[in-house]
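For reference, Swiss-Prot has these:
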{"type": "BINDING", "residues": "48, 49, 50, 51, 52, 53, 54, 55", "note": "ATP binding site"}
{"type": "DOMAIN", "residues": "16-255", "note": "domain 'ABC transporter'"}
(Lines of atoms letter the chains of each structure in order from A and count residues from 1; the text may use other names and numbers.)
(Lines give C-alpha, C1' and ligand atoms only; values in the text may rest on other atoms or scores of the structure.)
Protein backbone atom coordinates (compact mmCIF):
# COMPACT_ATOMS: atom_id res chain seq x y z
CA UNK A 1 0.00 0.00 0.00
CA UNK A 2 1.23 3.47 -0.85
CA UNK A 3 1.35 5.57 2.33
CA UNK A 4 1.16 8.80 0.29
CA UNK A 5 -1.61 8.27 -2.28
CA UNK A 6 -1.38 10.21 -5.51
CA UNK A 7 -3.04 13.61 -5.28
CA UNK A 8 -4.75 15.30 -8.23
CA UNK A 9 -3.36 18.44 -9.74
CA UNK A 10 -4.63 21.40 -7.75
CA UNK A 11 -5.53 23.64 -10.67
CA UNK A 12 -8.79 24.52 -8.91
CA UNK A 13 -9.42 26.07 -5.52
CA UNK A 14 -9.51 23.44 -2.75
CA UNK A 15 -12.75 23.35 -0.76
CA UNK A 16 -11.85 20.59 1.72
CA UNK A 17 -8.49 19.30 2.85
CA UNK A 18 -8.03 16.41 5.25
CA UNK A 19 -4.71 16.00 7.01
CA UNK A 20 -3.79 12.64 8.58
CA UNK A 21 -7.43 12.00 9.39
CA UNK A 22 -8.14 9.20 11.88
CA UNK A 23 -11.74 8.41 12.86
CA UNK A 24 -12.64 6.42 15.96
CA UNK A 25 -15.81 4.95 17.40
CA UNK A 26 -14.89 4.40 21.00
CA UNK A 27 -11.57 2.54 20.98
CA UNK A 28 -12.06 1.22 17.44
CA UNK A 29 -10.23 3.13 14.72
CA UNK A 30 -12.55 2.99 11.70
CA UNK A 31 -10.46 5.13 9.32
CA UNK A 32 -6.73 5.78 9.37
CA UNK A 33 -4.44 8.49 8.04
CA UNK A 34 -6.52 9.95 5.21
CA UNK A 35 -5.03 13.03 3.53
CA UNK A 36 -6.69 14.44 0.43
CA UNK A 37 -7.89 17.67 -1.18
CA UNK A 38 -11.36 18.15 -2.66
CA UNK A 39 -11.41 20.66 -5.57
CA UNK A 40 -14.07 23.33 -6.01
CA UNK A 41 -16.90 22.97 -8.56
CA UNK A 42 -15.96 19.41 -9.40
CA UNK A 43 -17.58 16.06 -8.68
CA UNK A 44 -15.45 13.78 -6.52
CA UNK A 45 -16.49 10.13 -6.11
CA UNK A 46 -15.60 7.97 -3.12
CA UNK A 47 -15.48 4.29 -4.13
CA UNK A 48 -14.42 1.11 -2.37
CA UNK A 49 -15.76 -2.07 -0.75
CA UNK A 50 -18.17 -2.09 2.16
CA UNK A 51 -16.58 -1.14 5.47
CA UNK A 52 -13.81 1.01 4.00
CA UNK A 53 -15.09 4.25 5.57
CA UNK A 54 -16.45 6.09 2.52
CA UNK A 55 -19.63 7.31 4.20
CA UNK A 56 -17.88 7.88 7.51
CA UNK A 57 -15.43 10.27 5.85
CA UNK A 58 -18.23 11.96 3.89
CA UNK A 59 -20.13 12.68 7.11
CA UNK A 60 -17.05 14.35 8.58
CA UNK A 61 -17.43 17.17 6.08
CA UNK A 62 -20.66 18.43 7.65
CA UNK A 63 -20.11 16.95 11.10
CA UNK A 64 -22.97 14.48 11.01
CA UNK A 65 -20.75 11.99 12.82
CA UNK A 66 -21.05 14.27 15.85
CA UNK A 67 -24.49 12.72 16.38
CA UNK A 68 -22.79 9.40 17.23
CA UNK A 69 -21.80 9.52 20.89
CA UNK A 70 -18.68 7.36 20.58
CA UNK A 71 -17.28 9.29 17.59
CA UNK A 72 -13.98 11.12 17.84
CA UNK A 73 -11.55 12.45 15.27
CA UNK A 74 -7.83 13.02 15.10
CA UNK A 75 -6.07 15.01 12.41
CA UNK A 76 -7.60 17.93 10.52
CA UNK A 77 -10.62 18.56 8.31
CA UNK A 78 -10.24 21.99 6.71
CA UNK A 79 -12.99 23.88 4.89
CA UNK A 80 -11.43 26.77 2.97
CA UNK A 81 -8.44 26.41 5.31
CA UNK A 82 -10.65 26.72 8.41
CA UNK A 83 -10.62 23.83 10.88
CA UNK A 84 -14.15 22.37 10.83
CA UNK A 85 -13.59 20.81 14.24
CA UNK A 86 -12.41 23.97 15.97
CA UNK A 87 -14.38 24.73 19.17
CA UNK A 88 -15.34 28.08 17.64
CA UNK A 89 -17.14 26.56 14.64
CA UNK A 90 -20.92 27.02 14.40
CA UNK A 91 -22.07 23.52 13.45
CA UNK A 92 -25.49 24.76 12.30
CA UNK A 93 -23.78 27.12 9.86
CA UNK A 94 -21.56 24.28 8.66
CA UNK A 95 -24.63 22.24 7.72
CA UNK A 96 -26.15 25.23 5.94
CA UNK A 97 -23.16 25.63 3.64
CA UNK A 98 -22.55 21.90 3.29
CA UNK A 99 -25.78 20.14 2.29
CA UNK A 100 -26.51 16.42 2.45
CA UNK A 101 -28.51 14.06 0.24
CA UNK A 102 -29.00 10.59 1.69
CA UNK A 103 -29.16 7.10 0.25
CA UNK A 104 -32.95 6.80 0.34
CA UNK A 105 -35.21 9.72 -0.55
CA UNK A 106 -36.47 11.22 2.72
CA UNK A 107 -39.08 13.88 2.02
CA UNK A 108 -40.84 15.36 5.02
CA UNK A 109 -44.57 14.61 5.55
CA UNK A 110 -45.38 17.99 4.05
CA UNK A 111 -46.35 19.49 0.71
CA UNK A 112 -43.82 19.66 -2.11
CA UNK A 113 -43.55 23.42 -1.56
CA UNK A 114 -43.06 23.11 2.20
CA UNK A 115 -40.44 20.41 1.70
CA UNK A 116 -38.34 22.73 -0.43
CA UNK A 117 -38.55 25.83 1.78
CA UNK A 118 -38.56 24.09 5.17
CA UNK A 119 -34.91 24.68 6.04
CA UNK A 120 -34.90 28.24 4.75
CA UNK A 121 -38.06 29.06 6.71
CA UNK A 122 -36.73 27.55 9.94
CA UNK A 123 -33.49 29.52 9.54
CA UNK A 124 -35.31 32.83 9.12
CA UNK A 125 -34.96 33.32 5.37
CA UNK A 126 -36.00 36.91 4.56
CA UNK A 127 -36.52 36.57 0.80
CA UNK A 128 -39.50 35.45 -1.26
CA UNK A 129 -40.20 31.80 -0.48
CA UNK A 130 -42.16 31.25 -3.70
CA UNK A 131 -39.21 32.44 -5.77
CA UNK A 132 -36.82 30.34 -3.69
CA UNK A 133 -38.96 27.23 -4.19
CA UNK A 134 -39.20 27.73 -7.95
CA UNK A 135 -35.49 28.44 -8.34
CA UNK A 136 -34.52 25.40 -6.23
CA UNK A 137 -36.91 23.10 -8.08
CA UNK A 138 -35.63 24.37 -11.42
CA UNK A 139 -32.04 23.75 -10.36
CA UNK A 140 -33.07 20.24 -9.31
CA UNK A 141 -34.69 19.67 -12.73
CA UNK A 142 -38.06 19.05 -11.07
CA UNK A 143 -40.03 22.28 -11.60
CA UNK A 144 -41.77 21.30 -14.83
CA UNK A 145 -42.96 18.05 -13.25
CA UNK A 146 -44.41 19.57 -10.06
CA UNK A 147 -45.22 23.23 -10.77
CA UNK A 148 -48.96 22.50 -10.95
CA UNK A 149 -49.09 20.41 -7.76
CA UNK A 150 -46.92 22.21 -5.22
CA UNK A 151 -49.57 21.62 -2.55
CA UNK A 152 -49.47 17.86 -3.05
CA UNK A 153 -47.61 15.68 -0.58
CA UNK A 154 -43.95 15.01 -1.21
CA UNK A 155 -44.83 11.34 -0.77
CA UNK A 156 -47.02 11.51 -3.90
CA UNK A 157 -43.91 11.70 -6.09
CA UNK A 158 -42.01 8.76 -7.57
CA UNK A 159 -38.78 7.62 -5.94
CA UNK A 160 -36.65 9.49 -8.45
CA UNK A 161 -38.74 12.63 -8.09
CA UNK A 162 -38.51 12.37 -4.30
CA UNK A 163 -34.73 12.24 -4.51
CA UNK A 164 -34.66 15.33 -6.73
CA UNK A 165 -37.04 16.98 -4.24
CA UNK A 166 -34.49 16.26 -1.50
CA UNK A 167 -31.79 17.80 -3.71
CA UNK A 168 -34.02 20.87 -4.20
CA UNK A 169 -34.47 21.06 -0.42
CA UNK A 170 -30.70 21.03 0.04
CA UNK A 171 -30.20 23.63 -2.71
CA UNK A 172 -32.77 25.95 -1.10
CA UNK A 173 -30.38 26.37 1.83
CA UNK A 174 -27.98 27.97 -0.67
CA UNK A 175 -25.03 25.70 0.16
CA UNK A 176 -21.62 25.66 -1.46
CA UNK A 177 -21.18 21.89 -1.20
CA UNK A 178 -23.53 18.94 -1.75
CA UNK A 179 -22.62 15.64 -0.10
CA UNK A 180 -24.39 12.66 -1.66
CA UNK A 181 -24.32 9.28 0.10
CA UNK A 182 -25.24 6.70 -2.56
CA UNK A 183 -28.08 8.92 -3.83
CA UNK A 184 -29.09 6.54 -6.63
CA UNK A 185 -28.88 3.15 -4.90
CA UNK A 186 -32.66 3.02 -4.30
CA UNK A 187 -33.59 4.35 -7.75
CA UNK A 188 -34.42 2.68 -11.05
CA UNK A 189 -32.05 3.16 -14.04
CA UNK A 190 -34.08 5.98 -15.64
CA UNK A 191 -34.28 7.94 -12.37
CA UNK A 192 -30.58 7.30 -11.81
CA UNK A 193 -29.77 8.79 -15.21
CA UNK A 194 -31.79 11.92 -14.39
CA UNK A 195 -29.97 12.39 -11.09
CA UNK A 196 -26.60 11.88 -12.80
CA UNK A 197 -27.48 14.44 -15.47
CA UNK A 198 -28.54 16.80 -12.70
CA UNK A 199 -25.22 16.38 -10.89
CA UNK A 200 -23.32 17.38 -14.01
CA UNK A 201 -25.44 20.53 -14.28
CA UNK A 202 -25.11 21.36 -10.58
CA UNK A 203 -21.31 21.26 -10.49
CA UNK A 204 -21.23 24.63 -12.25
CA UNK A 205 -22.45 26.14 -8.98
CA UNK A 206 -21.67 23.53 -6.34
CA UNK A 207 -18.88 21.23 -5.23
CA UNK A 208 -20.23 17.67 -5.10
CA UNK A 209 -18.87 14.63 -3.27
CA UNK A 210 -20.65 11.36 -3.98
CA UNK A 211 -20.26 7.99 -2.28
CA UNK A 212 -21.09 5.20 -4.70
CA UNK A 213 -20.74 1.42 -4.94
CA UNK A 214 -21.38 1.74 -8.67
CA UNK A 215 -18.05 2.10 -10.44
CA UNK A 216 -19.78 2.80 -13.75
CA UNK A 217 -21.53 5.71 -12.09
CA UNK A 218 -18.21 7.08 -10.87
CA UNK A 219 -16.79 6.95 -14.39
CA UNK A 220 -19.88 8.69 -15.78
CA UNK A 221 -20.15 11.60 -13.36
CA UNK A 222 -16.94 12.12 -11.39
CA UNK A 223 -14.05 14.40 -12.30
CA UNK A 224 -11.95 12.91 -9.49
CA UNK A 225 -12.14 9.57 -7.70
CA UNK A 226 -10.84 8.46 -4.32
CA UNK A 227 -10.51 4.69 -3.87
CA UNK A 228 -10.61 3.41 -0.30
CA UNK A 229 -9.94 -0.09 0.94
CA UNK A 230 -10.14 -1.79 4.33
CA UNK A 231 -8.18 -4.37 6.23
CA UNK A 232 -9.06 -6.51 9.21
CA UNK A 233 -7.70 -5.64 12.64
CA UNK A 234 -6.60 -8.05 15.36
CA UNK A 235 -10.01 -7.57 17.04
CA UNK A 236 -11.91 -8.58 13.93
CA UNK A 237 -12.99 -5.08 12.97
CA UNK A 238 -12.13 -3.24 9.77
CA UNK A 239 -10.09 -0.08 9.37
CA UNK A 240 -10.44 1.91 6.17
CA UNK A 241 -7.69 3.81 4.39
CA UNK A 242 -7.18 5.82 1.21
CA UNK A 243 -5.37 3.89 -1.51
CA UNK A 244 -5.42 6.27 -4.46
CA UNK A 245 -6.88 9.67 -5.37
CA UNK A 246 -6.62 11.22 -8.82
CA UNK A 247 -8.56 12.20 -11.90
CA UNK A 248 -11.23 9.62 -12.59
CA UNK A 249 -9.77 8.71 -15.98
CA UNK A 250 -6.42 8.01 -14.33
CA UNK A 251 -7.85 5.95 -11.46
CA UNK A 252 -9.82 3.71 -13.82
CA UNK A 253 -7.57 3.81 -16.88
CA UNK A 254 -4.07 3.91 -15.42
CA UNK A 255 -4.18 3.22 -11.67
CA UNK A 256 -0.88 3.47 -9.84
CA UNK A 257 -1.64 1.03 -7.02
CA UNK A 258 -2.16 -2.72 -7.37
CA UNK A 259 -5.11 -2.59 -4.96
CA UNK A 260 -6.81 -0.06 -7.22
CA UNK A 261 -6.13 -2.17 -10.30
CA UNK A 262 -7.64 -5.21 -8.61
CA UNK A 263 -10.74 -3.32 -7.48
CA UNK A 264 -11.58 -1.49 -10.71
CA UNK A 265 -11.03 -4.71 -12.69
CA UNK A 266 -13.57 -6.51 -10.49
CA UNK A 267 -11.18 -8.87 -8.74
CA UNK A 268 -12.65 -8.00 -5.34
CA UNK A 269 -15.26 -5.71 -3.83
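Each residue, glycine too, has its Cβ placed from N, Cα and C.
A map of Swiss-Prot features onto the structure.
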residue : record           : Cβ contacts under 8 Å, 6 or more apart
50      : ATP binding site : 213
51      : ATP binding site : 230, 238, 240
52      : ATP binding site : 228, 229, 230, 238, 240, 241
53      : ATP binding site : 23, 30, 31, 34, 228, 230, 239, 240, 241
54      : ATP binding site : 46, 47, 48, 211, 228, 240
55      : ATP binding site : 181, 182, 211
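For the binding-site residues 48, 49, the largest tally of other C-beta atoms within 10 A is found at 48. If you take every residue in the domain 'ABC transporter' (16-255) and average the pLDDT, you get 94. Residues 56, 228, 230, 240 surround the recorded ATP site, their Cβ atoms falling within 8 Å of the Cβ centroid of 48, 49, 50, 51, 52, 53, 54, 55, which are themselves excluded.
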